Amino acid sequence: MRVINFNPGPAGLPLPALERARDELLDFQGSGMSVMEHSHRGKEYEAVHDEAISLLTELLGIPATHQVLFLTGGASQQFAQVPMNFLTPDTGADYLMTGVWSEKAFEEAKYYGKPRVAATTVQPDKHYTRVPRQDELKLDAKAAYVHLTSNNTIYGTQWHTFPDVGNVPLVADMSSDFLWKRIDVSRFGLIYAGAQKNLGPSGVTLVVADKAFIARGRKDIPKFFRYTTHAENNSLYNTPPTFAIYLVRNVLAWMKGLGGLEQMERQNREKAALLYGAIDRNSGFYRAPVERESRSVMNVVFHLPSEELNAAFVAEAKKAGMVGLKGHRTAGGIRVSTYNAVTVENVRTLATFMDHFVKTRG
Ligand SMILES: *Cc1c(COP(=O)(O)O)cnc(C)c1O
């Protein structure tokens, strides 16, 4: 029996994508072996690889100026790889600080250049409850890039409109909201996302890069860490994580079958409305720390009146078949991660549970 999975990452995967993998696991398309046992240079795997790229290109509307890359090392490697490619000891980059992941990205950039905090919404207690407004950004027109975290997985805040950063390339960590809706890719120099939240298993990192931007990257760093090496080799410079890419392909095919990103956005907004609705109509019991305009559609964070009640909520939800609700250790409370694989029905079940919990324990 499968549970209702609200895990923050690795997160639940859509059942049809898993069933397809199960059905093909031992004998991929009559080849007598699993896709993960195929050569990454063989025609069977290459078809999967190219289909994943073309599905992503179609779903997101990626323009010809940009290229999809499949890398490894997670978003955490991108924290280092971005500055390694684009900074020198004398150049700066602007970082928009909105949470733990922005802080980690900023720290890595210090090894290569002079990152600046161009905006921060950190509070005296070190927590974050919103993203900055445009008028709070102190941007440097000479920065090599501006870095932001589009969705703050831990604090449950999200950029709902991306800031205007002029002609400086915008680099975004979209690990926890990549493909939740259509975005204008042409505005970004580089987008990166670990797959394990919204689009697949861990092991592969998706990058969408402006070809002209990565062409300007440093040439005096090891070949493996240059974006251009992977771009020139269609992400087959070395052995890519073939099974993870195969599963991402299954997830992308599932998304397309459901109606693409327009449908994903409708569902995600409906799920968020159900949860924030349950919080707001029981606001004497559930407290949402995030300011309304910054509320995340992907990670909904709230607190019950006491630690005991937070724990009881998690335990009773588990008995009702719902897991993954405990807040991040640095933020506490409850966190509901409602990535694409979580259905509207799943969320409706939780919202009903929330109302019921107030009646019995409130
Ligand atoms: C989970 C997460 C990361 C870390 O990803 P890894 O793939 O584990 O390196 C980075 N940024 C954001 C926004 C995340 O949600």
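The backbone N, Cα and C atoms fix where each Cβ goes, and this holds for glycine too.
Copied from TrEMBL, the annotated features are:
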- R41: L-glutamate binding site (BINDING)
- A75, S76, W101, T153, D173, Q196, N238, T239: pyridoxal 5'-phosphate binding site (BINDING)
- 4-350: domain 'Aminotransferase class V' (DOMAIN)
- K197: N6-(pyridoxal phosphate)lysine (MOD_RES)
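Everything TrEMBL records as a feature, shown here on the structure.
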residue: R41; record: L-glutamate binding site; DSSP (3 states): coil
residue: A75; record: pyridoxal 5'-phosphate binding site; DSSP (3 states): helix
residue: W101; record: pyridoxal 5'-phosphate binding site; DSSP (3 states): helix
residue: T153; record: pyridoxal 5'-phosphate binding site; DSSP (3 states): coil
residue: D173; record: pyridoxal 5'-phosphate binding site; DSSP (3 states): strand
residue: Q196; record: pyridoxal 5'-phosphate binding site; DSSP (3 states): coil
residue: N238; record: pyridoxal 5'-phosphate binding site; DSSP (3 states): coil
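Here the C-alpha separation of T239 (pyridoxal 5'-phosphate binding site) and the residue listed as 'N6-(pyridoxal phosphate)lysine' works out to 23 Å.
Between D173 (pyridoxal 5'-phosphate binding site) and the residue listed as 'L-glutamate binding site', the C-alpha separation comes to 30 Å. Counting only same-chain residues at least 6 apart in sequence, those with a Cβ under 8 Å from the Cβ of T153 (pyridoxal 5'-phosphate binding site) are P8, G9, G99, W101, S175, S176, K197, M298, N299, H328, S337. The binding-site residues near ligand 1, defined by a Cβ under 6 Å from one of its atoms, are S76, W101, D173, chosen from S76, W101, D173, T239.
Of the binding-site residues S76, Q196, N238, T239, Q196 has the largest number of other Cβ atoms within 10 Å of its own Cβ. Over the domain 'Aminotransferase class V' (4-350), the average per-residue pLDDT in this prediction is 97. Taking Cβ-Cβ distances under 8 Å and a sequence gap of 6 or more within the same chain, the neighbours of R41 (L-glutamate binding site) are L236.
Neighbours of W101 (pyridoxal 5'-phosphate binding site), defined as other CB atoms within 10 A of its CB across all chains, total 21.
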